[in-house]
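**Student:** First the structure, which I've put down as structure tokens, then a few questions once you've had a look.
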Amino acid sequence: MNVSKYVAIFFFVFIQLISVGKVFANADEWMTTFRENIAQTWQQPEHYDLYIPAITWHARFAYDKEKTDRYNERPWGGGFGQSRWDEKGNWHGLYAMAFKDSWNKWEPIAGYGWESTWRPLADENFHLGLGFTAGVTARDNWNYIPLPVLLPLASVGYGPATFQMTYIPGTYNNGNVYFAWMRFQF
């Protein structure tokens with residue numbers, strides 16, 4: 001191997017190491033922002049929220065019919081939270097909710113949610129949101145062992161009433177569930 005190939009390999013490795021350092025620096029910055037948003041939402045809420053589960057739907061393409069025929073798709077339960085809107089108009093919320101799962105067993109969930117919010121109409125009360133939730137849940141079929149969750153969020157709302165939803169990904173006959181609820185801000 002000639003010297004120019006060694007120099008090229010050295011610079012390639014060196015550039016990769018520099019890039020990794022920048023990625024970790026950005027990850028630290030992102031985590032700091034995440035923690036600060038949670039703390040601010042906890043310490044300075046603008047609203048208190050009531051959560052009412054509305055629907056669970058098991059994607060028919062991902063389940064055997066005999067399974068979906070037995071599943072509960074009408075969850076009932078409720079929850080409470082507190083939330084705020086940041087200077088960019090984005091929503092931040094802390095919540096705790098319990099609902100009847102697919103097997104009609106209680107499933108608690110608690111966490112933090114964030115949505116980037118758009119107000120596409122002249123009426124500022126109408127809003128759309130897209131974001132994520134990070135939290136902890138527990139299920140009967142897992143002996144109520146706390147399980148971390150990181151899921152997408154989407155919403156459509158008018159004023160203090162918001163229809164919020166997520167999708168739980170999965171494999172065949174497991175996961176692939178659309179879950180939605182109403183959130184009322186006070």
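The backbone N, Cα and C atoms fix where each Cβ goes, glycine too.
Pulled these features from Swiss-Prot for this protein:
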SIGNAL    1-25  signal peptide
ACT_SITE  HIS58  active site
SITE      LYS67  site 'Role in lipopolysaccharide recognition'
ACT_SITE  ASP101  active site
ACT_SITE  SER102  active site
SITE      TYR172  site 'Role in the phospholipid gating'
**Student:** If you compare CA-to-CA distances from TYR172 (site 'Role in the phospholipid gating') to each of the active-site residues HIS58, ASP101, SER102, which comes out shortest?
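**Tutor:** Considering only the listed active-site residues, the nearest one is HIS58.
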**Student:** Quick one: Cα separation, HIS58 (active site) versus SER102 (active site), in Å?
**Tutor:** 9
**Student:** Cα-Cα, whole number of Å: SER102 (active site) versus LYS67 (site 'Role in lipopolysaccharide recognition')?
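**Tutor:** Distance between the two Cα atoms comes out at 10 Å.
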**Student:** Could you tell me which of these recorded positions, ASP101, TYR172, has the greatest number of Cβ atoms within 10 Å of its own Cβ?
**Tutor:** ASP101
**Student:** If you count Cβ atoms within 10 Å of the Cβ of HIS58 (active site), leaving out that atom itself, what do you get?
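**Tutor:** Looking across every protein chain shown, the total is 21.
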**Student:** When a 10 Å sphere is centred on the Cβ of SER102 (active site), how many other Cβ atoms does it contain?
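**Tutor:** 19, counting other Cβ atoms within 10 Å of SER102 (active site).
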**Student:** Under a three-state reduction of DSSP output, how is HIS58 (active site) classified: helix, strand, or coil?
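**Tutor:** DSSP assigns HIS58 (active site) to strand.
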